[in-house]
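S.K.: The domain 'ABC transmembrane type-1' annotation in TrEMBL covers A:85-277. Summarising the annotation, TrEMBL assigns transmembrane segment to A:17-39, A:84-108, A:120-142, A:154-176, A:197-218, A:260-282.
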Amino acid sequence: MANVIRRQTPAARLFRGLLYGVLILAALFYILPLVVMLMTSVKPLSEISAGSLLSLPQNPTLTPWTKAWGEACTGMRCEGVGGYFWNSFAIVIPAVLISTTIGALNGYALTKWRFKGSELVFALMLFGCFIPFQVVLLPMAQTLGWLGISSSRAGLILVHVVFGIAFTTLFFRNFYVGIPNELVSAAKLDGAGFFRIFWRILLPVSAPIIVVSVIWQFTQIWNDFLFGVAFSAHNTQPVTVALNNLVNTSTGVREYNVDMAAAMIAALPTLVVYVLAGKYFVRGLTAGSVKG
Amino acid sequence: MRDSLPMKNTSATPLGAGAKRSTPSGGLQAWLPRLVLAPSVAISLFFVYGFMLWTFVLSLTSSRMLPSYDFVGFGQYSRLMANERWWVASTNLMIFGVLFVVICLAIGSLLAILLDQKIRQEGALRTIYLYPMALSFIVTGVVWKWLLNPQLGIQAMVQSWGFESFRFDWITDPDMAIYTLVIAAVWQASGFVMALFLAGLRGIDDSIVKAAQLDGASLPRIYWRVVMPCLRPVVFSAVMILAHIAIKSFDLVVALTGGGPGYATDLPATFMYAHAFTRAQIGLGSASAMLMLGGVLAILIPYLYSELRSRKHG
Amino acid sequence: MATLQLHNITKRFGDTEVIKGIDLEVNDREFVVFVGPSGCGKSTLMRMIAGLESATDGDILIDGQRINDVGPADRGLAMVFQSYALYPHMTVEGNMGFSMRLAGVPKEERRAKVLEAAKILQLEPLLDRKPKALSGGQRQRVAIGRAIVRNPSIFLFDEPLSNLDAALRVQMRIELARLHDELDATMIYVTHDQIEAMTMADKIVVLHDGVVEQVGSPMALYHHPCNRFVAGFIGSPKMNFLQVTMTGVTPDGVAIRLPGGGERSVPVDGQHLAPNAALELGVRPEHLVLDEQGPLSGQIKVLERLGGQTSLYVQMDDELITIMADGDVAYRVNDTVHFGFAPERAHLFDTDGLALPSLEQHPLAGLTRQDNRAPGSPSEEPA
């Protein structure tokens, strides 16, 4: 019978021990790179070349962090990644808000006001989730030039909105499919129209999916590198591009502690979001993946 | 009593029977949903479908620094086929893609099954397994570049423990560097597969497992014969997403190996970027982008087909 | 005052016609029930009346005015949905007052009307609760309350009781009937449950495959179903059907030969029938009587004792016949029983499934639910 899991027998106890052993080993595999990154970022350079990866910092220092933030060289300039960190926010926040708003309206129209061809419209848009972005890079570069926003934050925001609405529409559509249509029928009979039903009935119950969509878009756009490197100039680069430049700038001594501090800085916002709202993060990942 | 009902004599009803006017906004209301969707449809048509077509057109031209519309037929494609670096990139993608998908599935499903055994601290473990997915591939690349650095990373650490002959210098070895990409990518994405599988496992009706137990099946057998078949859709979508990540992989290569040593770890995505943006080979770069699109479609179309079919029958 | 007329109402989704030209009259203050199996189009028909679905063809008239192009909120009707469709983020009061809020009714007036309706439905203590915190029956009442405050001329109910448990369903049935008396409004009610139809309706509309099969009072449908579908649908347990042959037509009815050789004459009009036509005999289980001299016989396969009654399932050739017998019958399984029926309780159907019209109307066939009350007596208010 199924009492293998019971703890009484020695065999079962061994089984449980092994189970926890494997799980903890796996946890170490995932957590150690972060630990090493964090420890390295507060070690002086001398300790790094002398000590080993896992040795605790003897004289912890925040100098690598301040250097990464304000002084380190990213290519030609030596101003740290601080400015790029704010650049990322300046790009991410409008792009997230706009794409989420459009996605919510699209999802609402696609589920609660179906019309002939609405499924086709959805399929048409959904395809945008799947294309490799390499296939749009060159035309996009030229289009941004025509619009006069190449290498600007506005250009990057546009790019992220354009390729983000496929995902946000998918999120909201899948969420609104689960909201009973009778709710909308009742509101129609109560005298509400298209926008009032959205505003008064759908939006108040959409909090979970708004969080999912915002978090998903935030991590996607924050972590983007391809669009950032292709469509930005030195003063509009997002932090991921700056980090890559910093690590690959080959002037003087390699300061691994500064590299790690800069990587931590670039990673922190999404890590914070993950820790605070992990549940919604997972939901976004799975909703974005499991069918339409 | 009938007339005891006070609401019958409220004549000021705004919505009562007297208000049978035709709705002035009736026509507009019917068009509003379409109007709301129109910008997104236009965006999609132009920026997705239009751009794909545009890239295809570019791939038929001799464009170098700037797009030119001097058509050379499929010349760029035959140049691509004759390009050794493209073949390295494609072969790399096969190796990287297959290993990445298979290892992620193996680790992800194993962890999910183990976590499903009523584990204490399951939440904490899950959080640890999954957090790399929240990071940028650039961050992942930077960290693993440091860990895999032969002079200061894992190799140096193990050697300092007394194993002097220990070698782990794949990142500088043209034959092995591609596997460092696999390690870093698996580290980042396997927790996500775990989360997918765990969600799938939790969605399985408990009574199915109970029934199998009553039939006398052992725990591993239950998982292999009863649970896994139920998770087929999960496996399917996990493969989809992982393959998709693999084909699009760009940032990780840039940050971890820079495509090197030499161009030993080039992938189609980095190949395309290098040719289109830094080597002034727009025509060739476009041709490679189209082939990438072809690769994604080759995976996507069977997936969508089976999805649609199952939905029609389900 | 509110009457409803449907003229040739048709609904097509793509190539499939789900409503095939329906004509119907609903009188003022009538309680009309649309009943039929699932997929018969009854809910679609109701949604078209509500304006939630547009009619492909035909006219919908309220009080003689065509309202096809009038928006759902402006038709002067209110609807109660199967899932109740309460707004989950609003309180009971918010739910009931929403339509008035949209129409810009001042707060005090809104509150007063909500309180009136809450009083009728005993919802006063619940006004500040969210739907989540209510039981199924309470949610149902809030949904009705939301309809009442709109003071509609026609109430529409879309299977409102199907999410409730059996006991609550009986209670709500009684409450709805009481509400109809109190509000004096026209009500249209959709259900697949023929018991709800029989107990509440003044007039039942039986729908099948997008077509009206029969319209009539509950007793008329029970005693004079116009075809085999209605005969089988109305009444529980279902009517039994037997293949018979016609032997002759007399002014008193149609003579038939039963399986097993017996002969009977059923008082229906068979003037137009061809000689020796194949016919189907329909007799309800409660109209079959155990009788040693009866012309029919078979072996008992299953026997269900309900206490006051006993259901016998009797094998006759290929048919399993249901008989509702007295609670104290002494039969056992595998016994052979003989039974018969009163000819005036039997129905005959031709090969098209149409009933041969009865020569005599059942005395109660014209009865509606409202006629059950003693004339002139005020409707009583339960405490």
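Glycine too: its Cβ is placed from the backbone N, Cα and C atoms.
Heads up, TrEMBL stuff is auto-annotated, nobody curated it.
For each feature listed, report its degree of burial, its nearest neighbours and the pertinent distances within the displayed model.
M.R.: Beyond its flanks by at least six residues, the transmembrane segment (A:260-282) meets 37-38, 40-42, 64-65, 67-69, 72, 80-81, 85, 88-89, 208, 211-212, 215-216, 218-219, 222-223, 239-240, 242-243, 246-247 of its own chain at Cβ-Cβ distances under 8 Å.
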S.K.: Sequence-remote contacts (6 or more beyond its ends) of the transmembrane segment (A:17-39), Cβ cut-off under 8 Å?
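M.R.: Answer is 53-54, 56-57, 260, 263-264.
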S.K.: By a Cβ-Cβ criterion of under 8 Å, what residues six or more beyond either terminus of the transmembrane segment (A:84-108) are in contact with it?
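M.R.: Long-range Cβ neighbours of the transmembrane segment (A:84-108): 69, 74, 125, 153, 156-157, 160-161, 164-165, 167-176, 198, 202-203, 206, 210, 213-214, 217-218, 221-222, 235-243, 265-266, 269.
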S.K.: Do any residues, 6 or more residues outside the transmembrane segment (A:120-142), come within under 8 Å Cβ-to-Cβ of it, and if so which ones?
M.R.: 106, 110, 150, 159, 163, 165-167, 169-170, 173, 226-227, 230-231, 288, 292
